[in-house]
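Quick look at what TrEMBL annotates:
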type	residues	note
REPEAT	A:6-47	repeat 'WD'
REPEAT	A:48-89	repeat 'WD'
REPEAT	A:187-228	repeat 'WD'
REPEAT	A:284-314	repeat 'WD'
Amino acid sequence: MRPILLQGHTRPLTQIKYNNEGDLLFTVAKDTVVNVWYSHNGERLGTYEGHQGALWSVDVNSKSTLLITGAADNTARLWDVKTGKQLHVWKTNTAVKRVEFSCDNKHILFVTEKRMGFESEIYVFRIDESGTQSDTPVVVIRPKDSKATVAAWSYFDKYIVAGHEDGSVTLYNWRESDPEKQISKTVKVHQDTITDLQTSKDRSYLITSSKDKTAQLIDIETLDLLKLYQSDTSLNTATIIPDRDYVILGGGQAASEVTTTSSHQGKFESRFYHEVFENEIGRVRGHFGPINTVAVSPVGDSFSTGSEDGYVRVHFFDPDYFKYKFDV
Amino acid sequence: MAVLDPKNLPATEEDIDFSDLEDKYSEEVLEDTLDNVVLIDCLPIVDDKKEAKLSALIKKITKNIGKIRENGIHMPKEKSDGKSLSKGYAFVEFENATQATAVVKELNGYKIDKAHVLAVNLFMDVEKYSKISETFVAPPETNFVTKEHMKYWLLDDQSRDQFCIHHDSDLSLNWNNRGKSVEVITSRNKWTETYFQWSPFGTFLVTLHRQGAALWGGPSFKKIVRFVHLSVKFVEFSPLETYFVTFSSDPISLEAVDKALGSGNEHLNPFTDDDVGNHFCIWEVKTGRLLRSFPFVTKEDGTPVTKFGWPCFKWSASESYFARLTPGSKISIYEAPGMGLVGKKSLSVPNVANFEWRPCDDLNLHDRKNHNALAYWIPEVGNQPGRVSIISVPDMNILRTKNIVSVKDIALHWHPSGEALCARINRFTKTKKSTFTSLEIFRLNEKGIPSDVVEFKDNVVVFAWEPKSSDLKFAAIHVTDPTPPQTNASGMATSAVKSNVSFYHFVRTRTKLTVKEEFTLLKTLDKKNTTSISWSPKGRYIVLSTLRTTTVWGLEFYDTEVETLEGVKVTGPNSVQLLNSVEHYGVTDLEWDPSGRYVSTSASVWRHTMENGYSIWDFKGEQLFKTVVDRFKQFLWRPRPQSLLSEAAKDKIRKNLNTYSVEFDEQDRIMESAASIEQLNLRRRLANEWNSWRKTVNARIEELNKLYSQNNTQSVSVVSGDEEVIEEIIEELLEETVEYV
């Protein structure tokens with residue numbers, strides 16, 4: 001089916017998120033605007049304006065009432081989804097690289113960049129859905145060996161799981177205030193920086209993507225490596241398709257490494273792999289820059305990719321996709 | 001040994017008993033001092049009066065080699081009949097050991113007169129050999145070790161071919177499973193430091209290292225032999241794998257080799273003083289022995305020629321001779337394994353530009369001594385025309401020579417069977433402003449070696465003989481502008497040049513009175529971008545490819561002996577037909593497998609970094625396998641030795657192909673179903689594992705759910721998948737307009 005091209009950003013996309021019902025699509029890019037779209041037709045619903053720097057991350061709570069964004073202007077902001085009003089600003093020392101609502105919508109986490117003498121940190125704040133927000137974090141986790149690049153909540157918000165620059169994944173007991181007891185488990189899974197970390201729908205396992213050209217499926221409790229997906233290019237993002245046994249990986253040669261203009265050799269395709277058998281099933285072409293972020297609608301009828309080229313492409317799965325079956 | 005008694009220490013240093021230490025080390029001191037002493041034997045026996053005269057003679061004959069120390073001649077004497085007579089030998093002390101060694105080398109066997117031939121030896125050698133035990137001790141018997149089958153891969157029951165790939169720092173050896181999959185045999189990290197190569201018959205895999213080259217083979221790919229040649233750059237086998245030539249730009253130095261081998265391994269150093277400073281080595285493959293080393297060739301003024309084409313030493317088809325060129329003056333032909341110059345001198349050919357040996361694909365090569373011949377060419381100098389000559393070796397008879405005018409350049413292409421030679425002559429037009437090509441083709445198996453000319457209006461840049469056909473078929477790429485396109489730093493052409501490809505073959509038509517013999521055009525394919533043509537090693541099929549350009553990556557598979565469905569051969573232009581036209585993005589290299597069934601194309605990181613990897617195609621141009629490998633460098637099929645079957649036997653197989661193919665089709669079917677069953681089993685197993693894992697996870701979630709709901713009175717919405725979705729679809733008819741046209 002013909003994809004919908006969303007032209008709402010002037011700079012490379014950094015993250016896109018569907019809301020829980022899959023009808024809204026939130027996109028952030030290195031320009032200062034947060035866009036929200038109707039996912040079924042690509043019509044822009046509105047923007048959230050206020051950030052002063054490149055946006056790195058976005059997340060919406062499961063009721064689609066509150067939106068949280070993290071940006072390079074050293075702030076994370078809370079917005080009212082419906083009105084677009086800015087509800088709160090958290091000031092940090094460095095850029096906020098990743099934000100996420102907890103499962104119960106009562107907490108948020110954000111990961112800050114390591115820069116200008118400040119170490120990378122993971123903050124957890126309590127969110128009061130009706131009233132004012134607190135500026136004192138519930139807990140601050142300070143990764144020791146390598147800076148955290150991405151983080152997510154596990155099922156029941158039991159852990160915070162973070163991916164690090166050195167390719168390791170760590171489970172943090174965020175309810176512990178003692179830094180010594182916070183680390184529950186660390187496993188080195190990748191040879192290079194972890195670029196994305198997304199959880200399955202029930203948050204019982206997760207997928208990581210890395211610059212080492214692989215993506216891995218990991219059990220969120222034991223951190224056992226379940227599956228490995230080998231690609232031929234450095235990966236920027238990976239996601240798990242709910243209800244069907246596929247994963248989508250995205251990436252491509254970094255802009256500095258691309259020598260010619262033809263989109264053929266850039267490897268800018270979204271790649272579909274079978275979740276269990278680990279083999280590549282197909283590719284979807286279209287972008288002319290590396291894919292920075294990929295998201296699947298929680299309903300499972302479409303997926304969207306955001307690229308370095310500044311476009312978001314919303315793809316609806318063809319009927320063939322739902323009919324396709326593996327011989328087992 | 002005396003032990004110091006602490007209670008009774010010696011009073012002064014002199015009193016300490018060093019005798020034990022002196023005993024221990026005195027011998028070495030002595031050896032040091034006697035290295036420069038030479039024993040001259042078989043001197044005339046002289047009395048006291050003539051002693052001075054003999055000493056003077058000794059001094060005279062050693063004058064230019066070494067300097068004798070003052071009072072350095074010692075002649076032992078004995079009393080006999082009241083006279084003091086010398087014993088017929090003398091000890092002569094030189095200034096240093098090097099001089100002494102030189103004297104031994106030069107003067108041993110020196111004839112003073114008829115009766116006296118000197119025996120000159122180092123004194124220390126005499127000492128050494130006199131100490132050797134008289135009784136013979138048999139060396140320990142070594143057990144016979146069965147060697148691995150060096151040609152084991154030819155015994156594969158499916159007649160598969162092997163290939164070796166080089167990516168990043170790994171070398172891996174694979175079976176080609178009919179192009180459908182690749183089965184890794186062995187993969188080793190850092191097996192080679194620069195690149196690898198196969199021997200002509202595929203027996204050995206050659207890896208290159210800083211210390212030299214190594215040959216590997218057999219089912220386990222053990223190291224068979226190694227050749228110590230520091231910083232070896234190029235290697236080459238002789239055609240039958242008997243000899244091995246290496247080149248290093250570093251001159252041979254004994255110390256450097258010793259150092260590289262490590263202490264205690266000096267005996268492994270194959271070089272002697274004679275080899276010092278040389279760059280080329282010729283080795284015997286079976287023993288690993290160095291046969292001879294060579295320096296660079298020198299110009300007339302003695303300066304070395306450091307630029308040369310590889311292979312620098314070219315071998316005759318029978319391996320009995322090898323030769324190299326001194327550009328502009330001579331061809332030095334050596335015989336193997338003796339390594340001596342044939343006729344003790346080089347073949348002087350003033351102005352010679354290049355030469356090529358006559359090849360031969362005949363198995364019974366050794367019975368055909370008269371097959372050794374080479375062709376060389378001479379450019380036009382002054383009034384003298386250019387020339388192509390064929391001479392036989394070793395008698396150096398000129399078999400055929402042909403003068404050619406307006407020569408710009410000549411390239412010599414022997415037909416692989418040696419039955420024809422094509423001289424590709426780039427010539428100036430009359431105005432000298434442009435060039436064109438004419439091909440002068442000599443047929444060697446015919447009386448008088450007749451030649452034919454094929455004229456082109458434009459310039460032939462690539463020429464290739466069809467290896468098997470009986471009618472001397474060839475293909476040529478010709479272009480209007482012969483200047484090669486611009487290339488980038490890694491040798492990739494930045495633009496694709498328009499070119500034409502023509503096929504010719506030899507036709508002999510007999511009428512009652514005349515016999516017409518000429519090379520006739522079969523077909524010209526024009527407006528191509530072809531840069532390279534590769535015939536299948538079994539003939540008939542050819543791939544036209546555009547290699548190493550940055551814009552075009554086309555591959556075109558042609559059949560040049562098209563048959564009708566009834567099996568009748570088509571003649572004329574229609575005998576050349578396109579089978580398939582495809583593209584391999586970034587292709588830099590192309591190679592046929594030795595059986596002519598498959599073609600490999602590869603994109604090497606040595607040329608560019610885009611989509612490095614390789615593909616395998618069948619001879620019809622259908623892609624069977626493609627893989628992208630990071631930092632992929634090299635793909636080489638393992639060559640096969642020549643078939644042992646006679647032509648008649650091959651024909652018989654061809655005739656009965658249908659009966660054989662039934663058997664093979666059955667094999668194919670069994671294999672395919674086995675593969676799919678295997679695949680299904682694997683998937684079933686993976687799916688089962690996944691499902692059981694999911695079960696444990698679901699149990700875990702259940703437990704946690706209980707735990708959290710007990711602790712938390714508030715309801716926790718955890719698994720959003722459990723929520724029921726209520727969807728209301730309201731359809732409203734907003735407006736309906738009906739237009740009548």
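Backbone N, Cα and C atoms are what each Cβ position is placed from, and that goes for glycine too.
All TrEMBL annotations are machine predictions without curation.
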When the repeat 'WD' (A:6-47) is classified with DSSP, how many of its residues are helical, how many are strand and how many are coil?
0 helix, 22 strand, 20 coil
Secondary structure content, the repeat 'WD' (A:48-89) (per DSSP, counts of residues):
0 helix, 23 strand, 19 coil
Under an 8 Å Cβ to Cβ limit, what residues of the same chain, 6 or more beyond the ends of the repeat 'WD' (A:48-89), are close to it?
11, 14-17, 19-21, 24, 26-34, 36, 95-101, 103, 105, 108, 110-111, 127, 129, 132-133
Count up the helix, strand and coil residues in the repeat 'WD' (A:284-314) according to DSSP, in that order.
0 helix, 16 strand, 15 coil
Which whole-number mean pLDDT does the model give the repeat 'WD' (A:187-228)?
92
Counting each residue once, how many in the repeat 'WD' (A:187-228) are helix, strand and coil under DSSP?
0 helix, 24 strand, 18 coil
